[in-house]
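Peer 1: Not my notes, these are from TrEMBL:
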- 112-144: domain 'EGF-like' (DOMAIN)
- Cys116-Cys126: disulfide bond (DISULFID)
- Cys134-Cys143: disulfide bond (DISULFID)
- 141-189: domain 'TB' (DOMAIN)
Amino acid sequence: LYSVVLREGVETVYVRDVRGVPNVCGSRYHSYCCPGWKTLPGGNQCIVPICRNSCGDGFCSRPNMCTCSSGQLSPNCGSLGVPSCGMKCLNGGSCTEEACLCQKGYTGSHCGQPICEGGCQNGGRCIGPNRCACVYGFTGPQCERDRGDGGISCSAEIGVGVTRASCCCSLGRAWGNPCELCPAANTSE
């Protein structure tokens, strides 16, 4: 059986062989599998559909369409054979029914926003689950503690007002002008 289709002046002939196997395209002189179909290895019948996306636990039932283990038809299926959603979930979140189910410690439509249960104080920012980035001068899990450097500051070589504690803890072994040694580590001085 033949059916002839004229498209933009080009004659395309869709061919069914004598046994009635569909999905063969081509001209009268050259036939090939129609787009979205292929043959079994070593075969000559175009009966294997091609799916661009993963069918997971389902199977490719027609070009670019999966039959999921639940019986639902979808462009792709998840690992449990249910249609997977088209969202990208971050930080270990899983996608269900077009929404992300976030792991503990994250929230947001794509699980990209960390949660700091106690919040971050004194201008600190939540940068990970229960992890705050504190602004200069504050410390602690929630940036709740003043660094307690007593506000003693010096004019350092770098040309900014720097406290003694900050200079000694972060920049080096000495501070101030004239140069004064920093106290030994783990002392109250």
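Along the chain as shown, residues are numbered 1 onward.
Note: Cβ is positioned from N, Cα and C throughout, glycine not excepted.
Those TrEMBL annotations? Automatic predictions, nothing curated.
Quick caveat, the model's predicted, so the values are computed rather than measured.
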Peer 1: Measuring Cα to Cα, tell me the gap between Cys134 (disulfide bond) and Cys116 (disulfide bond) in whole angstrom.
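Peer 2: Pair distance, Cα basis, whole Å: 13 Å.
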Peer 1: When DSSP states are grouped into helix, strand and coil, how many residues of the domain 'EGF-like' (112-144) land in each?
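Peer 2: Its residues fall into 0 helix, 11 strand, 22 coil.
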Peer 1: Round to the nearest Å and give the CA-to-CA distance linking Cys143 (disulfide bond) with Cys116 (disulfide bond).
Peer 2: 11
Peer 1: What is the total of other Cβ atoms whose distance to the Cβ of Cys143 (disulfide bond) is within 10 Å?
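Peer 2: Step by step: centre on the Cβ of Cys143 (disulfide bond), count other Cβ atoms within 10 Å, giving 21.
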Peer 1: Averaged over the whole of the domain 'TB' (141-189), what is the pLDDT?
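Peer 2: The predicted confidence over the domain 'TB' (141-189), as a mean pLDDT, is 60.
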Peer 1: Might you list, by sequence position, any residue in that chain lying six or more from Cys126 (disulfide bond) with a Cβ less than 8 Å away from its Cβ?
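Peer 2: Looking at Cβ-Cβ distances below 8 Å from Cys126 (disulfide bond), excluding near sequence neighbours, one finds Pro114, Ile115, Cys116, Gly119, Cys120, Cys132.
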Peer 1: Specify the count of other C-beta atoms within 10 Å of the C-beta of Cys116 (disulfide bond).
Peer 2: 20
